[in-house]
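Novice: Straight from Swiss-Prot, here's the annotation block:
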- CYS101, CYS111, CYS114: [4Fe-4S] cluster binding site (BINDING)
- LYS166, GLU476, LEU477, HIS478, VAL479, PHE499, GLY500, MET501, TYR532: acetyl-CoA binding site (BINDING)
- 84-374: domain 'Radical SAM core' (DOMAIN)
- 398-552: domain 'N-acetyltransferase' (DOMAIN)
Amino acid sequence: MKAKKKLGVGLSRQERQVLVIGEIIQELLKAHEAKKDVNLNRMKSLVASKYGLDSSPRLVDIIAAVPQDAKKILLPKLRAKPIRTASGIAVVAVMCKPHRCPHINMTGNICVYCPGGPDSDFEYSTQSYTGYEPTSMRAIRSRYDPFLQTRHRVEQLKQLGHSVDKVEFIVMGGTFMCLPEEYRDYFIRNLHDALSGHSSANVAEAVRYSEKSRTKCIGITIETRPDYCLKRHISDMLSYGCTRLEIGVQSVYEDVARDTNRGHTVRAVCESFQLGKDAGYKIVTHMMPDLPNVDFERDIEQFIEYFENPAFRSDGLKIYPTLVIRGTGLYELWKTGRYKSYPPSMLVDLVAKILALVPPWTRVYRVQRDIPMPLVSSGVEHGNLRELALARMKDLGTTCRDVRTREVGIQEIHNKVRPYEIELIRRDYVANGGWETFLSYEDPEQDILVGLLRLRKCSPDTFRPELKGECSIVRELHVYGSVVPVNARDPTKFQHQGFGMLLMEEAERIAREEHGSTKLAVISGVGTRNYYRKMGYQLDGPYMSKSIEENN
């Protein structure tokens, strides 16, 4: 039997690569016209071997070669990791420079489980990171320069086929608010400048130009600790355009916080939650099951307490099961047999039980750290812990009803389902000294979430002058689904179909008629202020606000 003749004989590797990419694009267009599903990896391998190439072309090279008139058709099929923008936003994680943890001065040491930092085995890494996480490696390559980190990541997402019309920053790398004010201003200024292309003299100028930028900064998330989430820190973060706080809690038990050397009390956690929510922030926390002195039952009890006690009840959660990493105090306890991690199956059971407890207004952002497995001596043994936990829940007949699982974009990617009958659903609850209302547009039959709004009646304890008196605040407005550019309207996508406007109208009605408020404020990302201006809101300090008295 004759061997199949290879095409492109006599051509250079680069020339054959061009032919391969051209043929892949043609095949994808044919499949689209025939309304057929295609296994892209298999197609790439077959076409590459046909031309005698030992490896398939990179996705970024294929995306770059797609003709302009075919981009709308092919980019959704070629997009790498579509989950990255399924929520409607491109997340850009950046890291500040390595610095020591601030509570070393008080307690003499860092938390027992914490890797990284200038004094650790991973000395060029930031506190609580090893330097081998994808975000850490990008930051190290850019020498922790915020401008370069942003530009490189935005460019990378574009090359992978994602729309970066809306960007949300996550400032990682330990407690950002303990760094000198001058450095913080430089860092935030450069994040905004990287999107707008303007070279600003200060944060206020950077924010002003960022408002008009083509790539919108729709929010900034800052990682902090309860003791660096006081009034002055909250006000500084508002001036940066920050809309969400990630607060390290780890445990709701006072004895565990003490024994792991957290350097703050559980009471400080509750106070920081109330201060943050009364200033309009979304609150996301980091929680660590499997810490020393906590068994399986006690872990379950702490999450029941966390979700049911109004002193906690955050808007979002990152579940980070404890990892034993070389160079930490916990590593020494583990080596001498004084600490033992849960077996893998028990950890999957625990996470499944935690996910079953999550209320429908809370979003679980992550279920494990991004630390490479070879650096982990003991702890999580699976890289797909969330998927295993969700599979275990299916076996047990329970479901996870958190925001992320129900998002329309995630449902389209994972389950290929789209909402059929959408209706407005309202949930009220008490949290952190205030009345919270969670409004959402959902398909209740399929349990799919299209958009949400978090409304809070400001408590009398709020310290921000803009929110004093009879005032309510919208802490979050988000319509889910793949990113749609701010001025575009795609009838197959859920963003920009008017759901946001309808949610705001209902929030105004509740604030006026039920809260008895005369003013409604919104904590808005810098790039979305014009959206609220169209609805009659005006800049009021760091907020957008509007009078909602009856005669208006």
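Keep in mind that glycine also has a Cβ here, set from the backbone N, Cα and C atoms.
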Novice: Give the number of CB atoms, excluding that of LYS166 (acetyl-CoA binding site) itself, located within 10 Å of its CB.
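Specialist: A count of 23.
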Novice: Quick one: Cα separation, GLY500 (acetyl-CoA binding site) versus CYS101 ([4Fe-4S] cluster binding site), in Å?
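Specialist: For GLY500 (acetyl-CoA binding site) versus CYS101 ([4Fe-4S] cluster binding site), the Cα atoms are 40 Å apart.
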Novice: Measure from the CA atom of CYS111 ([4Fe-4S] cluster binding site) to the CA atom of LYS166 (acetyl-CoA binding site) and give the result in Å, rounded to a whole number.
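Specialist: With distance taken Cα to Cα, CYS111 ([4Fe-4S] cluster binding site) is 36 Å from LYS166 (acetyl-CoA binding site).
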Novice: Taking the Cβ of CYS101 ([4Fe-4S] cluster binding site) as reference, which residues of that chain separated by at least 6 in sequence fall under 8 Å from it?
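Specialist: Result: ILE110, CYS111, CYS114, GLY117, GLN127, SER128, GLY174, THR175.
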Novice: Same chain, not part of CYS101, CYS111, CYS114: whose C-beta falls within 8 angstroms of the C-beta centre of the [4Fe-4S] cluster site? Give them in sequence order.
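Specialist: Along the chain, the qualifying residues are HIS103, ILE110, VAL112, TYR113, GLY117, GLN127, SER128, ASN261.
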Novice: In the three-state scheme derived from DSSP, which category covers TYR532 (acetyl-CoA binding site)?
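Specialist: For TYR532 (acetyl-CoA binding site) - judged by DSSP and reduced to three states - the answer is helix.
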Novice: Which three-state DSSP class does VAL479 (acetyl-CoA binding site) fall into?
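Specialist: For VAL479 (acetyl-CoA binding site) - judged by DSSP and reduced to three states - the answer is strand.
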Novice: Taking the Cβ of CYS114 ([4Fe-4S] cluster binding site) as the centre, how many other Cβ atoms fall within a 10 Å radius?
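Specialist: For CYS114 ([4Fe-4S] cluster binding site), the count of other Cβ atoms within 10 Å is 23.
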